[in-house]
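Read through the structure below, which is laid out as C-alpha cells, and then see the notes.
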Amino acid sequence: MEPPDARAGARRAPRLLVLALLLAAPPGSKAEVRLSVPPLVEVMRGESVTLDCSPLGTHDYFMLEWFLVDRSGARHRLASAELRGSELRDKELNSRGRSPPYQLDSQGRLVLPEAQVGDERDYVCVVKAGAAGTAEATARLKVFAKPEAPEVSPNKGILSVMDDFAQEIATCSSRNGNPAPQIMWYRNGQPLAVPLEVNSEGYMTTRTVREASGLLSLTSTLYLRLHKPDREASFHCSVHYYLPAGQHGRLDGPSFSLTLHYPTEHVLFWLGSQSTAEGWVREGDSVQLLCQGDGSPTPEYTFFWLQDKQEDVLKTSLEGNLTLERVQRNQSGTYGCRVEDFDVPEDAELSKTLELRVAYLDSLELSAGEELSLPLHNSTTVTCSARGLPTPTLYWTKDSAPMGEDPTLSLHSVTFDSAGTYTCEAYMPRIPLLSRTRSFRLLVQGTPELKAKETQPKAEGSWTEGDEVTLICYARGYPKPKLTWSQLGGSPTEPAPGGQGWVSSSLTLKVTSALSQDGVSCEASNPLGNTHHVFHFGTVAPQTSQAGVAVMAVAISVALLLLVVAVFYCMRRKGRPGCCQWGEKGSPPPGEPKLSHSGSQRPEQTGLLMGSASGGAKHGSGGFGDEC
C-alpha cells in the first residue's frame with residue numbers, strides 16, 4: 001500500500017508544474033486574467049443558489065479555488081479544481097460541517113443547496129491561469145426570510161384619559177425574519193409617526209433578538225397619551241420586510257380597541273315610549289324615561305320628579321332607565337335625570353329635565369238617552385260634552401256618514417229618513433289612538449209610510465187568467481208597522497233588505513177575472529194609523545181551451561203516422577204490376593178477386609192483411625207476401 005505522503009506528493013505534482021510554468025514565464029510578459037463574478041447574489045431562505053466564477057477569454061488550463069470569508073476576515077477554502085479544456089479535474093470540497101454540503105458543478109460554480117441565514121458571507125473565487133496570471137473576485141450572498149404574521153398583545157386594562165403621560169397601548173411581535181423587519185403602528189388606518197425617544201405624548205420601543213436558527217425576531221411596544229376620541233379608535237400594527245430584487249412585503253396584525261376611563265361631559269334625557277313632539281303620552285300607558293351620559297365607565301343615574309321646586313327622588317341605578325307604569329293625569333309634570341360622576345369638575349352641569357304631559361279623555365255625555373223618540377216633522381237638538389286634555393275635537397256621524405264638527409246636533413222637521421243611529425266622537429289630532437264615542441238612536445213616530453212594488457203583465461198590454469204574480473209591499477214608521485193583505489197567503493212582516501227601518505211582506509197568487517174588478521190591497525198599520533195600497537190588474541183575458549187543442553194534436557199525429565206507413569209499403573213493392581195502383585174510381589186492379597168483406601175496408605189494408613197471413617211465403621228482401 002502506498003503511504004499517504006506519497007499520494008499527497010502525487011497530487012501536488014501538477015500544481016508544482018503549474019507553478020514552475022508561471023515562474024518560467026519570460027521576463028516582462030504581462031499576466032492578466034479577468035473574472036465574471038456577480039458582486040451580490042440574493043436568495044430566499046431554503047432555495048438553492050449558485051455562485052458563478054467564469055474567466056473571461058479563452059484559457060486551456062487554469063486552477064480554480066473558492067474561499068469563505070468569516071466575520072474576522074479570515075479565508076477558509078471550500079473547494080478547488082483544475083480545468084483542462086472543458087474537463088474539470090481533481091475536485092476537492094470542504095463543507096465545514098454544512099448540511100447539505102457545498103457542491104461544485106461542471107463549470108466550477110459553487111452551489112449552496114437550501115440556503116440558510118448562516119450562509120450570508122463573502123465568497124472569494126481565485127483563478128490561476130499560468131502565464132496569464134492570477135485573478136480573484138468576491139461575491140456577497142444575501143439570504144432573505146419572510147417573517148411570521150405579527151402577534152399583538154393589547155393592554156386589557158382601563159386606561160384613563162385624565163393622565164398627562166403616555167401609557168402602554170400594546171406590544172407587537174414578529175418572529176423569524178431576515179433581515180430584521182420593521183414594525184409600524186396605525187390608528188384608524190392611518191400610520192402613527194411616533195419617535196423612539198421617550199416623551200409624554202407618545203413613543204415606541206423596539207427590541208431585536210437573533211434566534212438559534214440565525215433568524216431575527218422583532219418586538220415593538222407602543223406608548224400614547226390618550227384622549228376621549230380614542231374610545232372609538234381602532235389600532236393595529238404591521239410588519240414590513242425585505243425581499244430580493246428590492247421588493248418589499250407587508251403583514252398586518254389584528255385590529256383592537258381600548259377600554260378608556262373618561263369623565264361625563266354631556267347628558268341626554270328623553271322619553272323612550274311612544275309620545276308626541278310636545279311630550280304627550282296617553283293616560284294608562286307605561287312610560288319609559290331614558291338617561292344617558294357619555295362617560296366611561298357607566299356612571300350612576302338619579303331620576304327625580306320636581307314638585308314645588310323640590311326634588312322627589314324616584315330611582316338611582318346604573319341602567320339609565322325608569323319606567324312609570326300606567327301613568328295617570330296627576331303624574332304630569334317635570335322629570336329630571338342627574339349623572340353622578342365624581343371625576344368631573346364640581347361646577348359641571350350633568351342634569352337634564354323634561355316635561356311629561358299625560359293626555360286623557362273622559363267618557364262623553366249626551367243630552368239624550370240611548371233612544372230618542374220624536375214625532376214626525378218635529379225638531380230638537382242634542383248636545384255632546386267631552387272633558388279631556390288637550391281639548392278634544394267633536395264631530396257627529398249618522399249611520400257612519402259624517403255630518404260635521406259641532407258639539408250640538410240640530411234635528412229640524414224630522415222625517416222617517418231622519419231615523420237612525422247618531423254618534424258623537426271625540427278625538428285629539430295631536431295624540432293618535434286617543435278617542436271616545438257615544439251614540440243614540442232616533443225613532444221617528446208617525447203613521448206608516450207605504451211603498452208597493454208594481455208588477456207588469458206577462459203578455460204585452462194585459463193579464464191572462466191563470467197568470468201567477470208576486471206582489472210586494474214595503475212600510476216604515478214607529479211603532480213598527482204590520483203588513484196585511486186582502487187575500488190569503490201573505491208572508492210575515494220582516495225587515496227589508498237595505499235596512500233604514502223598512503219592513504216588507506209578499507203575496508203570490510194567480511190572476512183571475514174577479515181580481516180584475518176588485519184588485520188586491522195591502523195595508524200597513526201601527527197604533528198611530530194605517531195606510532193601504534191597491535194593486536189593479538186591468539183587463540184579464542180568458543184562458544184558451546186546452547182539451548180541443550189536445551184532440552187536434554192527436555189526430556194530426558195519427559194521420560202523419562199512417563202516411564209514413566203507406567209510403568214505406570209502396571216503396572217496398574215498387575215495380576210489381578198492379579201494386580200501389582188504383583182505378584179512377586177506387587176499384588181494385590184488374591185480375592184481382594173481389595173481397596167479400598164489408599165495403600169499408602180499403603185495398604191497401606187488405607193487401608197488408610194478406611201479406612201478413614201468408615206467413616213464410618217471402619220473396620226478395622222485403623219479407624212481405626206477393627199480393628198487393
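Glycine is no exception: its Cβ is also placed from the backbone N, Cα and C atoms.
Per Swiss-Prot, the feature disulfide bond maps to Cys53-Cys125, Cys172-Cys237, Cys291-Cys337, Cys384-Cys424, Cys473-Cys522. The feature domain 'Ig-like V-type 1' is assigned by Swiss-Prot to 32-142. Sequence annotations record features per position, and here Swiss-Prot assigns domain 'Ig-like V-type 2' to 150-253. Annotated domain 'Ig-like C2-type 1' per Swiss-Prot: 254-355, in sequence order. According to Swiss-Prot, the domain 'Ig-like C2-type 2' annotation covers 355-441. As annotated by Swiss-Prot, domain 'Ig-like C2-type 3' applies to 448-538. Here Swiss-Prot flags Asn321, Asn330, Asn378 as N-linked glycosylation site. The phosphoserine annotation in Swiss-Prot covers Ser596, Ser598, Ser600, Ser621. Sequence annotations record features per position, and here Swiss-Prot assigns signal peptide to 1-31 based on similarity to another entry. According to Swiss-Prot, the feature topological domain 'Extracellular' maps to 32-547. According to Swiss-Prot, the feature topological domain 'Cytoplasmic' maps to 569-628, an assignment based on sequence analysis. Swiss-Prot lists 548-568 with the feature transmembrane segment, giving sequence analysis as the kind of evidence.
What Swiss-Prot annotates, mapped onto the structure for a quick look.
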residue	record	DSSP (3 states)
Cys172	disulfide bond	strand
Cys291	disulfide bond	strand
Asn321	N-linked glycosylation site	strand
Asn330	N-linked glycosylation site	helix
Cys337	disulfide bond	strand
Asn378	N-linked glycosylation site	coil
Cys384	disulfide bond	strand
Cys424	disulfide bond	strand
Cys473	disulfide bond	strand
Cys522	disulfide bond	strand
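In the three-state DSSP reading, Cys237 (disulfide bond) counts as strand. Helix first, then strand, then coil: DSSP counts for the domain 'Ig-like C2-type 3' (448-538) stand at 6 helix, 49 strand, 36 coil. When the recorded positions Cys53, Cys237, Asn330, Cys424 are compared by Cα distance to Cys522 (disulfide bond), the shortest distance belongs to Cys424.
Cα-Cα distances to Cys291 (disulfide bond) place Asn321 within 10 Å, out of the recorded positions Cys53, Asn321, Cys384, Cys424. The residues of the domain 'Ig-like V-type 1' (32-142), classed with DSSP into helix (H, G, I), strand (E, B) and coil, number 6 helix, 59 strand, 46 coil. Taking the C-alpha positions, the distance from Cys384 (disulfide bond) to Asn321 (N-linked glycosylation site) comes to 41 Å. Within the same chain, residues at least 6 positions away in sequence whose Cβ sits under 8 Å from that of Cys337 (disulfide bond) are Val267, Phe269, Leu289, Cys291, Tyr301, Thr302, Phe303, Phe304, Gly320, Ser351, Lys352, Thr353.
When the Cα atoms are compared, Cys473 (disulfide bond) and Cys125 (disulfide bond) turn out to be 133 Å apart.
Counting only the Cα atoms, the space from Cys172 (disulfide bond) to Asn321 (N-linked glycosylation site) is about 41 angstrom. Helix first, then strand, then coil: DSSP counts for the domain 'Ig-like V-type 2' (150-253) stand at 8 helix, 58 strand, 38 coil. Counting Cβ atoms from all protein chains shown, Asn321 (N-linked glycosylation site) has 15 others lying within 10 Å of its own Cβ. Helix, strand and coil counts under DSSP for the domain 'Ig-like C2-type 1' (254-355) come to 3 helix, 54 strand, 45 coil. When Cα-Cα distances from Asn330 (N-linked glycosylation site) are compared across the recorded positions Cys53, Cys125, Cys237, Asn321, Asn378, the shortest belongs to Asn321.
For Asn378 (N-linked glycosylation site), the same-chain residues 6+ apart in sequence whose C-beta sits under 8 angstroms from its C-beta are Ser413, Val414.
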